[in-house]
């Protein structure tokens, strides 16, 4: 089991790197760094005299392919070793499916091109893949005799599911904003260029403002979650810890998003933090769903 634990951790880190690399590719406009050929790069196995964009895209392809293989092996291995866990089958299939779809969508974008509405799903599947692999990794650390669980009421359990689904929607809107190249369309925060606009300035501004509103609402939802847990479930240390971590993550997410606005989306660090934090947040809540359902 020790080998599986180490392998799962390595796989999680690699999948996380792929996710961040994808953000770098989008941020630097390197999606066509290898032309319109896939899996070859300008028709070559190894690109000759590559530009920076080519290096970024080519390394992303290499690590993505490695991650795909690692996830498939992890899914099969964990399924065999953790048969006693009823959740393992679902997450093994989810991790494998998400990483395959993610890869195919990336290839499709290179060869055929895709509209922002579709390409936003690429990052969405990356987040799903990370969440599934993260859950599997945590499963490897659980003892067969004891399951990690939290005792919560039906209303809070449903609220956790709602937050998770809503967080995925926020992830999608954020990815859509990036692929619409709308990240820097509004100067200032919370207003857009000093105005409270939403519908009157076209699709690009609408996408940006809609994502802002969705993100701020997510912050409110998490604040409600934390208060709920602290008032009614403060005796459950794990749940309290998860709620506090989620609040910290969402605050960092909000700050990094504001940082992107005030730097006109020219600071790569803010962009990477923004992608990293929301993905970890989503993975954390997926696992919270699991342990809350166990406590029924």
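Cβ coordinates are placed from backbone N, Cα and C, and glycine is handled just like the others.
For reference, TrEMBL has these:
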| type | residues | note |
| --- | --- | --- |
| TRANSMEM | 7-25 | transmembrane segment |
| TRANSMEM | 58-79 | transmembrane segment |
| TRANSMEM | 91-112 | transmembrane segment |
| TRANSMEM | 118-139 | transmembrane segment |
| TRANSMEM | 159-177 | transmembrane segment |
| TRANSMEM | 209-230 | transmembrane segment |
| TRANSMEM | 242-262 | transmembrane segment |
| TRANSMEM | 268-290 | transmembrane segment |
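Residues of the same chain lying 6 or more positions beyond the ends of the transmembrane segment (7-25) and with a Cβ under 8 Å from any Cβ of it are 31, 33, 56-57, 59-60, 63-64, 66-67, 70-71, 73-74, 77-78, 99, 106, 122-123, 126-127, 129-130, 133-134, 136-137, 140, 178, 268, 271-272, 275-276, 279. Long-range neighbours of the transmembrane segment (118-139) within the same chain, counting only residues 6 or more positions beyond its ends whose Cβ lies under 8 Å from a Cβ of the stretch, are 5, 8-9, 11-12, 15-16, 18-19, 22-23, 71, 74-75, 78, 82, 85, 87-88, 91-92, 94-95, 98-99, 101-102, 105-106, 109, 148, 168, 171-176, 178-179, 275, 278-279, 282-283, 286-287, 290.
Spatially, the transmembrane segment (159-177) is adjacent to the transmembrane segment (209-230); three or more Cβ-Cβ distances between them are under 8 Å for residues at least 6 apart in sequence. Remote same-chain residues near the transmembrane segment (209-230) are listed as 156, 159-160, 162-163, 166-167, 169-170, 173-174, 176-177, 186, 189-190, 192, 197-198, 236, 239-240, 243-244, 246-247, 250-251, 253-254, 257 (criterion: CB distance under 8 Å, separation of at least six residues from the stretch ends).
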